[in-house]
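Student: Residues or ranges marked as transmembrane segment by TrEMBL: 21-43, 55-75, 87-108, 156-175, 182-202, 214-240, 252-279, 299-321, 349-368, 455-476, 488-508, 520-539 (among others). Feature annotation from TrEMBL assigns region 'Disordered' to 403-422. Per TrEMBL, the feature domain 'Cationic amino acid transporter C-terminal' maps to 518-556.
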Amino acid sequence: MKLNRLKTLDEDMMATSLKRCLSTLDLTLMGVGGMVGSGLYVLTGTVAKEIVGPAIIISFIFAGFASLLAAFCYAEFGARIPKTGSAYMFTYVSVGEIWAFLIGWNVILENMIGGAATARAWSGYLDSIFNHAIQNYTETHIMQWNVPFLAHYPDILAAGILLFAMFFISFGVQVSSYLNHIFSTISMVVIAFILIFGFVLAEPANWSPKEGGFAPFGLSGILAGSATCFYAFVGFDVIASSSEEAKNPQKAIPIATAISLGLAAAAYILVSTVLTLMVPWHSLDPNSALADAFFRRGYSWAGIIVAVGSICGELLLCNLFSLPRTVYAMAEDGLFFHIFARVNPVTKVPVIAILVFGTLMAIMALIFDLEALVQFLSIGTLLAYTFVAASIIVLRFQPEKAGSKGTASTSPNPTVDPALSESQTINEDRGELKQYESFSDKLQLVERDFEPGEVVAFCVLILIVSSVSFCAVLVFGNGQLYLPLWSYALLLVIFGLAYVLSLALIWMHEPQAKSKTFQVPLVPLTPAASILINVFLMMKLSFLTWIRFTVWIAIGKKTHKSQNKWKSSYKKMLRVDQLVTPRKAYT
């Protein structure tokens with residue numbers, strides 16, 4: 001039995017036990033809600049003060065471009081494979097079960113931490129309106145503790161809002177969509193207010209050398225800020241997660257992804273500009289930067305409006321929407337506990353998955369200090385984006401099924417060498433290589449010894465390995481590795497050539513015929529660029545983040561092995577039943 005199985009999809013891709021009721025507007029507002037939340041009201045202040053300064057604008061531009069490349073890949077998959085599960089499903093279809101499980105495993109953790117962090121940010125903003133009265137009361141009359149990795153006090157408010165949101169989400173996707181419309185509209189109105197009033201209060205002197213200048217932490221600070229700012233855009237994958245509940249996913253997914261990402265990027269760039277012009281970047285309050293900026297300029301009423309907008313923006317808990325659907329997809333494929341694959345016959349949503357993981361998310365928000373885990377979200381997301389980009393290349397260059405292009409002529413051309421004619425005929429049937437001059441013709445003869453699509457898959461592997469090696473040398477070569485200049489340059493050239501050659505070899509192959517649904521432009525260049533940027537941003541994350549990530553992957557591998565043992569035992573039991581039952585009937 002093949003260990004790393006690919007998922008086989010049904011012929012009717014629109015068939016589902018969920019309810020297809022979401023329009024393009026619903027998906028767009030869901031994407032905006034997923035991206036414009038705690039990131040806008042909390043992350044901008046934290047990154048500007050501690051990592052990059054006013055140059056956070058450039059960090060957001062770079063992170064937005066990297067997200068755009070990833071969003072192209074998600075849009076193609078969401079339109080082509082309108083099934084819930086997002087990165088997990090896309091990886092399973094094109095790369096295989098093992099990698100799909102690890103991606104799904106990371107997406108689960110990412111959504112749990114992201115939802116809990118958003119709820120805590122919401123709680124902090126609301127508490128700041130009441131001068132931290134909620135925190136003071138909890139510490140004085142309920143409890144507080146000083147334990148590493150735990151919060152100083154139980155955040156009952158954050159846990160309560162998650163349970164409240166879980167209650168409404170369990171009523172069905174239509175109810176969730178209506179609530180999302182309300183909170184998205186309020187949030188966008190408040191953002192418009194921040195931009196208009198903020199530019200009125202802007203002081204260009206706050207970017208002057210007297211205050212530290214525009215880029216006080218230099219290029220390294222901008223790049224490190226980009227890696228963290230990437231977290232701001234992770235919510236667009238909620239659109240792909242909702243593809244199984246979209247009315248017309250082939251058109252709605254690409255349009256909603258493009259519009260929502262454009263709106264979110266514009267909001268982040270403009271708001272960070274306003275924020276760093278209103279007050280000096282080094283004096284920002286990381287917990288409630290925007291509201292505090294208006295308070296300090298003497299407009300307390302404006303600070304209250306911003307706080308209300310932040311509450312509405314953070315109530316858009318798209319993590320709580322996406323997480324149960326990823327769990328549902330994994331359970332339906334037998335890679336997670338099957339009980340989570342049950343769909344309520346009335347609401348048409350996986351209620352058990354919503355209730356269980358919503359409760360776990362609330363417990364995390366209640367007791368854990370999640371500020372240090374923001375970067376951990378970025379590494380899981382970047383890994384998922386990398387595999388989705390690689391999956392685009394693998395899927396695009398997979399040979400089409402026999403007979404899909406008609407019957408090819410098998411009679412050799414008398415003016416062509418018989419061996420070459422034979423290789424052309426084989427590759428026409430397999431849909432593998434473009435017909436070029438002598439070099440590609442010789443390459444076709446070599447590829448006859450490989451299975452269809454194997455060469456492209458191997459080239460994608462080389463592409464990823466060379467990207468990791470190139471970025472590792474680029475980031476750590478002069479610092480931690482202490483490489484001499486000649487070896488530093490030589491390694492960059494070697495890994496750069498490996499990247500370019502693998503990309504060129506992929507390009508020589510014939511892609512599948514153009515689909516009626518959205519397709520990523522300039523394949524394999526676009527997804528290859530996405531892979532390189534994602535790997536580079538991962539290298540800019542802290543060492544402690546990589547340790548946490550390695551531990552979580554190890555736990556995931558152990559869980560996958562246990563799940564496979566359970567599946568094998570279950571299948572054996574089924575085979576025994578199938579053997580025994582006919583014998584009884586015959587008797």
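Cβ atoms are placed via backbone N, Cα and C, with glycine included.
Neighbours and distances for these, please.
Tutor: Proximity of distant same-chain residues to the transmembrane segment (182-202), defined by a Cβ-Cβ separation under 8 Å and at least 6 residues beyond the stretch ends, is recorded for 29, 32-33, 36, 40, 267, 270-271, 274-275, 277-278, 290, 293-294, 297, 299, 302, 305-306, 308-310, 312-313, 315-316.
Sequence-distant contacts of the transmembrane segment (252-279) (same chain, at least 6 residues past either end, Cβ-Cβ under 8 Å): 22-24, 27-32, 34-36, 39-40, 44-45, 48, 53-54, 56-57, 60-61, 64, 67-68, 71, 74-76, 78-79, 82, 191, 194-195, 198-199, 201-204, 206-207, 229, 232-233, 235-236, 239-240, 243, 246, 289-290, 293-294, 296-297, 517-518.
Beyond the ends of the transmembrane segment (349-368), by six or more residues, the same chain brings 18-19, 108, 112-113, 115-117, 119-120, 123, 149-151, 154-156, 158-160, 162-163, 165-166, 169-170, 172-173, 319-320, 323-325, 327-328, 331, 339-343 to within a C-beta distance below 8 angstroms of the stretch.
Taking Cβ pairs closer than 8 Å, the transmembrane segment (455-476) reaches residues 386, 390, 393-394, 397-398, 432, 447, 483, 488, 491-492, 495-496, 498-499, 502-503, 505-506, 509, 528, 531-532, 535-536, 538-540 in its own chain, all 6 or more past its ends.
Sequence-remote contacts of a segment are chain residues at least 6 beyond its ends whose Cβ falls under 8 Å from one of its Cβ atoms, and for the transmembrane segment (488-508) they are 393, 397, 433-434, 436, 440, 443, 455-456, 459-460, 462-463, 465-467, 469-470, 473-474, 477-478, 524-525, 528, 532.
Packing against the domain 'Cationic amino acid transporter C-terminal' (518-556) from elsewhere in the chain are residues 63, 65-66, 69-70, 72-73, 75-76, 79-80, 101-102, 105-106, 109, 223-224, 226-227, 230, 250, 253-254, 373, 375-376, 378-380, 382-383, 385-386, 389-390, 392-393, 396-397, 463-464, 467-468, 470-472, 474-476, 499, 503, 506-507, 511: each is 6 or more residues past its ends and has a CB under 8 Å from a CB in it.
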Student: List, by number or range, the same-chain residues at least 6 past the transmembrane segment (87-108) whose CB is under 8 A from its CB atoms?
Tutor: 3-7, 9, 73-74, 77, 81, 237, 240, 322-323, 326-327, 329-330, 333, 335-336, 357, 380, 383-385, 387-388, 390-392, 394-395, 398, 552-553, 556-557, 559-560, 563
Student: Is the transmembrane segment (214-240) packed against any residues at least 6 beyond its ends, judged by a Cβ distance under 8 Å, and which are they?
Tutor: 27, 30-31, 33-35, 37, 39-40, 43, 47, 51-56, 58-60, 62-64, 66-67, 71, 74-75, 77-78, 86-87, 90, 110, 114, 207, 253, 256-257, 260-261, 264-265, 268, 281, 318-319, 321-322, 374-375, 377-378, 381-382, 384, 537-538, 540-541
Student: Between the transmembrane segment (156-175) and the stretches 21-43, 55-75, 299-321, work out which stretch tops the count of Cβ pairs under 8 Å.
Tutor: 299-321
Student: Mind checking which residues of the chain, 6+ beyond the ends of the transmembrane segment (55-75), have their Cβ under 8 Å from one of its Cβ atoms?
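Tutor: Contacts with the transmembrane segment (55-75): 44, 47-48, 86-87, 90, 214-217, 221-223, 225-230, 232-233, 236-237, 239-240, 253-254, 257-258, 261, 264-265, 268-269, 272-273, 276, 385, 388-389, 391-392, 518, 520-521, 526-527, 529-530, 533-534, 537.
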Student: For the domain 'Cationic amino acid transporter C-terminal' (518-556), how many residues does DSSP put in helix, in strand and in coil?
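Tutor: Once the DSSP states are binned, the domain 'Cationic amino acid transporter C-terminal' (518-556) shows 29 helix, 0 strand, 10 coil.
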